[in-house]
Amino acid sequence: MSTVEAPLYPIAVLIDELKNDDIQLRLNSIRRLSTIARALGEERTRSELIPFLSENNDDDDEVLLAMAEELGVFIPYVGGVEHAHVLLTPLEILCTVEETCVRDKAVESLCKIGSQMRDNDLIEWFTPLVKRLTAGEWFTARVSACGLFHIAYPSAPETLKTELRSIYGQLCQDDMPMVRRSAASNLWKFAGTVESAHLKADIMQMFEDLTQDDQDTVRLLAVEGCAALGKLLEAQDCAARILPVIVNFSQDKSWRVRYMVANQLYELCEAVGPEPIRTDLLPAYVRLLRDNEAEVRIAAAGKVTKFCQILSPELAIQHILPCVKELSLDSSQHVRAALASVVMGMAPVLGKDATIEQLLPIFLSLLKDEFPDVRLNIISKLDQVNQVIGIDLLSQSLLPAIVELAEDRHWRVRLAIIEYIPLLANQLGVGFFDDKLGGLCMQWLQDKVYSIRDAAANNLKRLAEEFGPDWAMQHIIPQVLEIANDSHYLHRMTLLRAISLLGPVLGSEITCSKLLPVVVNASKDRVPNIKFNVAKVLQSLISVVDQSVVEKTIRPCLVELSEDPDVDVRYFAVQGLQSIDQVTMSS
């Protein structure tokens, strides 16, 4: 190929691959658009590549999605922001396709490009594009247009702004529910760019129209933007215009709308001030906590602590606590799980007396729940209660239930308890810990589930760090080393794992006198898995013990293992010997 024709080669390859029957080749060529654009140069990218992409839009959705994404970052390849408008044509076409994810990505890319364009280019190129889409015969164009108004509006002159507000109002009343849905979900973005006077008049009128829509999917999207819209208004306007809508929606006939209200209610509280919360939003929230639809109760229960934080303790005790008691006995396990994930956070809000009197019975009830996720959610937040009521009360009231859960039939519950033990140990102190929980920690080392045994070994390491080597020497080491004689090889492997974790914490002296002899003895085990784990443990102990011990004890053991019949044992033994040689050379 001659040097004159060389620049044509990339575009020829692109055209060839874009028309290939193999979708993967077409995808690859689209993802290489930036490389091809660099090869062509800015001018030819504008005059050849972009028009080609505009014509080549009848393709598989996956290819179109990749194209929409690539074009969003294409400004540098067409000559910078002054030429950004050339990218609008292919993206405008992609905004009209049937596949939703392609349209969404095209709108996202248009927003990226529009936010970088100069004001006069927005007026000349971007705003006409928005108007063409809103006049589109097919609903897909109008759906896409709703997501572009917040980019076009700020730079428009006054007459054009009036026209854009009017067009958006028409989209809010479009015949197609899909268009009204898009208008509802994008309203808060558009509202953020509109001047205050028009916000109160035009935008709030659109909001009220959408909230009265006969389609529940439109109403719930209007609710979704409520909090964002409320924050744009002054507190008294929010209380007058948005609050009545939300209170009304908390009794909507569609459970989906009520569900969205339950999710949004807390965010709206920040916009309206304390008095409307007490008089309007609190009764609405209580209604949602007692809703007859489980999904609504789940959403409301998940916000119970956040809601209590903006109320006085007296109001929370009077209005919210009775609902919490009902929810803790709810027929839906998912409602109880949602409550359990947040209810512990109510303790700091309500204070010590109310926690002891009112919340502790609820915690106990949830700790004994038949559904494991409920128990898990309570266990993971115990520290929040301890901060309020103190360790003595916590141990008297909740510890028996925790000990019971340590032997729970669901291994994930046992795992959660293990992970909580070091924190509990820190709070209980060494004496209490030895009496109540010490035995459990040893018991878990011989659990039938690997994740529990591994977590138990990690747990011993964290306890040794918490209480110190002397405590570990007295309370952990003798019982751990007894496992060396266990008949089950998996338990003996757990012993090796525990030794590898405890060695660095306990230091050279205890490792040499107590742990290393057990490891060396295990190298003569009949099970290959034990032997190659011995090699791994010995390798991990090289940095813990003195060099003389490495040469006298660890190296001979690894040399012996390197001649083992089993290939894995030999491999790990050689790895260990190489580590010793590296340490020797570096010292």
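Positions of Cβ are set from backbone N, Cα and C atoms, glycine also.
Source: prediction; values computed, not measured.
According to TrEMBL:
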type: REPEAT; residues: 10-48; note: repeat 'HEAT'
type: REPEAT; residues: 203-241; note: repeat 'HEAT'
type: REPEAT; residues: 242-280; note: repeat 'HEAT'
type: REPEAT; residues: 281-319; note: repeat 'HEAT'
type: REPEAT; residues: 320-358; note: repeat 'HEAT'
type: REPEAT; residues: 359-397; note: repeat 'HEAT'
type: REPEAT; residues: 398-436; note: repeat 'HEAT'
type: REPEAT; residues: 476-514; note: repeat 'HEAT'
type: REPEAT; residues: 515-553; note: repeat 'HEAT'
type: REPEAT; residues: 554-587; note: repeat 'HEAT'
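If you take every residue in the repeat 'HEAT' (398-436) and average the pLDDT, you get 73.
With a cut-off of 8 Å between Cβ atoms, the residues of this chain six or more beyond the repeat 'HEAT' (242-280) that come close are 207-208, 211, 216-217, 219-220, 223-224, 226-227, 229-231, 233, 235, 287-288, 291, 293, 295-296, 299-300, 303, 306-307, 310-311, 315. Within its own chain, the repeat 'HEAT' (515-553) has Cβ neighbours under 8 Å at 477, 481, 484, 489, 492-493, 495-497, 499-500, 502-504, 506-508, 560-561, 564, 566, 568-569, 571-573, 575-576, 579-580, 583-584, 587, counting only residues six or more beyond its boundaries. Same-chain residues lying 6 or more positions outside the repeat 'HEAT' (320-358) and placing a CB less than 8 Å from one of its CB atoms are 285-286, 289-290, 294, 297-299, 301-309, 311, 313, 365-366, 369-371, 373-378, 381-382, 384-385, 387-389, 393.
Helix, strand and coil counts from DSSP across the repeat 'HEAT' (203-241) read 32 helix, 0 strand, 7 coil. Counting residues 6+ beyond its ends, the repeat 'HEAT' (476-514) has Cβ neighbours under 8 Å at 441-442, 445-446, 450, 453-454, 456-458, 460-461, 463-465, 469, 521-522, 525, 527, 529-530, 533-534, 536-537, 540-541, 543-546, 549 in the same chain.
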